[in-house]
Amino acid sequence: MDKYFREPMNSLTHFMGAILAIVALIAMIIKGISVNISTIGLVSVIIFGVSMILLYTVSATYHAVISTDKIIKAFRRLDHSMIFILIAGSYAPFCLIALDGTMGKVFFTIMILVALGGIIFKMCWFNCPRWLQTSLYIIMGWSALFVIKPLSHTLTPVPMMLLVLGGVFYTIGGIIYGVKPKKLQIGSFGFHEIFHIFILLGSLSHFICVYTYLL
C-alpha cells in the first residue's frame, strides 16, 4: 500500500470519514426537509456536513499524496486550515437551530471570524509550535462554554451530553496530536492514527446529536 499512499492508515481512516460525512450530509438534508425545518436550519446542517466533508477529504488527500515537498506542504497547509473550518461548521446547527435568534447568529458569526483569523495565522506562521497550534483548536472548540447556559435551556441532557462528548473526543485527539506520545504505538497504529480515530469519534457524536435531537 505504501506504493499508492504516503501514509496508508492516516489516509484511509479519513477517507472513510469523508465517505461517512457525505452520507451524514445527505441524511441530514433529507430529514431536515421531511420535518419542514426552517431555511436557516437547513443551511446550518449543510454547513456542518460540508465542513466535515472538506476536513476529511483534504486530510485523506494530504496523507495519501506522493509528490514533491512543495505540493505536500501545500496540502498540509490546507489540512491544518480545514480544522478551523470543521470547528466553525460544527457550531452552525447548535447556534442556528438550538440557540436560534440573535444570540446564535452573533455567536456563529464570531466563530466564522475566529476561524478565518486562525487560517490567516497558520498561513503566516505555519511552523508555529505544535502546542500553540493545538491550543488554538481546543480553545476555539470550547468557546461553546460561553453559550452553555442558553444551550442548556434548549437541549435536554442527552443531546447536551453528546455535544460535550464530541468536544471531549476532539480534545483528547488534540492532546495526543500535540504531545505525540510514542507509547501509544499499537502495531501500525501510532499516535497520529489514534488522533484521527478520536477526530472521527468527535464528528460522530456531534452528528448523532444534530440528526437525532436538532432535526
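Glycine too: its Cβ is placed from the backbone N, Cα and C atoms.
As recorded in TrEMBL:
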| type | residues | note |
| --- | --- | --- |
| TRANSMEM | 12-34 | transmembrane segment |
| TRANSMEM | 40-66 | transmembrane segment |
| BINDING | HIS63, HIS192, HIS196 | Zn(2+) binding site |
| TRANSMEM | 78-99 | transmembrane segment |
| TRANSMEM | 105-124 | transmembrane segment |
| TRANSMEM | 131-148 | transmembrane segment |
| TRANSMEM | 160-179 | transmembrane segment |
| TRANSMEM | 191-214 | transmembrane segment |
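Annotated features, which come from TrEMBL, shown on the structure.
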{"residue": "HIS63", "record": "Zn(2+) binding site", "CB count, 10 Å": "25"}
{"residue": "HIS192", "record": "Zn(2+) binding site", "CB count, 10 Å": "16"}
{"residue": "HIS196", "record": "Zn(2+) binding site", "CB count, 10 Å": "27"}
For the transmembrane segment (12-34): best-contacting stretch of 40-66, 78-99, 131-148, 160-179, 191-214, by Cβ pairs under 8 Å: 40-66
Cβ-based neighbourhood (8 Å from the centroid) of the Zn(2+) site, residues HIS63, HIS192, HIS196 excluded: GLU7, MET9, ASN10, SER11, THR13, HIS14, SER59, GLU193, PHE195
The transmembrane segment (105-124) touching the transmembrane segment (131-148) per 3+ Cβ pairs under 8 Å rule: yes
Close approaches to the transmembrane segment (191-214) from elsewhere in its chain (Cβ under 8 angstroms; 6 or more beyond its ends): 7, 9-10, 13-14, 16-17, 20-21, 24, 27-28, 31, 41, 45, 48, 52, 59, 86, 90, 93-94, 97-98, 155-156, 158-159, 162-163, 165-167, 169-170, 172-174, 176-177, 179-182, 184-185
